[in-house]
């Protein structure tokens with residue numbers, strides 16, 4: 001029963017985002033929504049990474065660093081080495097994962113606010129590195145990055161060359177949504193396998209976990225690497241769309257937002273970061289009309305949400321189900 | 001009887017304080033050995049030294065002749081020396097059954113990747129963990145609480161859950177941290193039976209405890225610490241008659257000693 005319902009829910013979601021939304025956008029002529037929704041999809045991938053670190057009991061305010069790193073890795077590979085963008089996408093993720101292993105080994109021993117503070121600094125370190133390193137072209141950043149080329153296997157075109165498209169936005173939208181769906185499917189499986197339970201055991205009591213033989217240091221690093229992989233992936237895709245990257249492309253504010261997305265959606269739900277990103281992004285845009293009061297209203301609503309819905313927006317759904 | 005665990009001249013200093021001073025004794029296979037002593041005698045420190053949650057300043061702990069002090073706790077657990085904690089240390093927001101299932105970690109044949117992909121080995125592991133968890137839960141009389149969230153359990157059941165988590169790792173030696181603390185008489189009687197049952201499963205038990213009557217009742221042998229030094233070792237009867245032990249306990253808490 002539950003299985004059928006889940007499959008049905010996924011099918012409906014896919015139909016809506018892959019066919020329904022593009023159809024609505026074309027019908028209403030709001031083409032700008034493509035870019036907005038693409039951003040939501042990519043930001044939610046990076047937020048999903050942050051969610052993984054929450055899942056092992058660490059507050060991560062450093063995802064911006066890995067999004068920036070992933071973006072630069074992809075940009076440098078495409079521009080300087082002529083590598084196909086589609087190949088740089090996983091490479092950027094893997095590069096970030098490898099870097100996060102080196103960074104994580106020492107800092108993952110820290111807990112609570114101490115870990116959070118170090119990760120907060122990471123974002124700033126990444127920005128300063130991007131400013132200082134010769135390969136990143138400093139404050140001028142990297143611009144006019146070519147659009148992704150096509151992919152074809154045995155002469156069969158899977159993805160067209162984006163440069164030949166009259167409007168690459170719908171294509172970017174579809175690719176980003178597919179990427180998001182894949183990432184969340186992978187995460188869903190992770191959480192519902194024994195690894196998810198092991199992560200929960202870390203979150204709830206590291207000492208007890210190690211007393212039952214769990215290699216907590218190893219598991220923490222794995223989780224952090226997955227987190228950073230997702231950050232790098234999101235960052236790299238973003239750069240392909242904006243065709244440029246600067247040291248300020250991802251800042252501390254973005255890192256904080258990635259974390260807020262998780263909080264808002266709900267830390268105990270895999271799809272929390274997706275909902276959180278969507279609501280936060282559109283909530284912010286929606287309040288644009290209020291002008292100078294935008295930030296004031298936005299922050300007040302956030303505070304209220306956290307007070308009254310400490311388990312995130314998705315806890316609403318469960319509450320409703322219990323009553324019905 | 002073979003000596004499973006050997007504690008050899010173990011000393012632990014915290015700055016100027018010597019918490020455990022040159023303590024040696026051995027734990028024999030399938031016995032119940034208790035470490036007792038007045039408050040601040042260094043029992044808890046010794047307990048952490050044996051389970052490798054602390055490393056000794058000097059001396060060493062051997063398990064089956066191999067040095068285990070200095071190794072990471074999860075590796076010591078893998079070798080078969082597993083500690084339990086006092087009651088609040090459980091996986092609070094998991095159900096009782098999930099607590100016990102997760103504690104089967106050491107018995108898994110599948111790798112993490114295997115569990116992710118759901119290979120046959122992983123599925124066999126899962127089925128086996130579930131079966132074994134149910135058996136342990138029934139053994140410790142937690143059947144009615146099986147699907148309750150651990151944090152909602154009362155005192156006595158929490159203690160049983162702690163022991164269930166320990167048993168799930170399939171230990172050779174189980175170290176119990178004050179298993180009778182804060183229990184009333186009936187609860188203690190039941191807990192003593194529980195610990196006896198654990199030994200019947202072939203597990204060697206080393207416990208650190210305050211509750212004198214329970215210790216006297218359950219132990220094969222007792223080690224007494226005072227101010228970090230071992231002052232006596234022997235059967236409950238020998239300990240009760242030992243001058244040094246009586247001296248250490250007298251005056252301060254002769255009531256609680258329960259002789």
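Cβ coordinates come from backbone N, Cα and C, glycine included.
Looking at A:10-30, A:115-135, the range tied to transmembrane segment in TrEMBL is A:115-135. Tallying C-beta pairs under 8 angstroms between the transmembrane segment (A:37-57) and each of A:64-83, A:141-159, A:171-191, A:296-319 places A:171-191 first.
Remote same-chain residues near the transmembrane segment (A:64-83) are listed as 46, 49, 89, 91-93, 95-96, 99-100, 119, 122-123, 125-127, 130, 135-136, 142, 145-146, 227-228, 231-236, 238-240, 245, 247, 249-255, 258 (criterion: CB distance under 8 Å, separation of at least six residues from the stretch ends). Of the candidate ranges A:89-108, A:141-159, A:171-191, A:221-246, A:296-319, A:89-108 has the most C-beta pairs within less than 8 angstroms of the transmembrane segment (A:115-135). By number of Cβ pairs under 8 Å, the transmembrane segment (A:296-319) is matched best by A:258-284 from the list A:89-108, A:141-159, A:258-284. Long-range contacts of the transmembrane segment (A:89-108) within the same chain, counting only residues at least 6 positions beyond its ends with a Cβ under 8 Å from a Cβ of the stretch, are 58, 66, 69-71, 73-74, 77, 83, 115, 118-119, 122, 217, 220-221, 224-233, 235-237.
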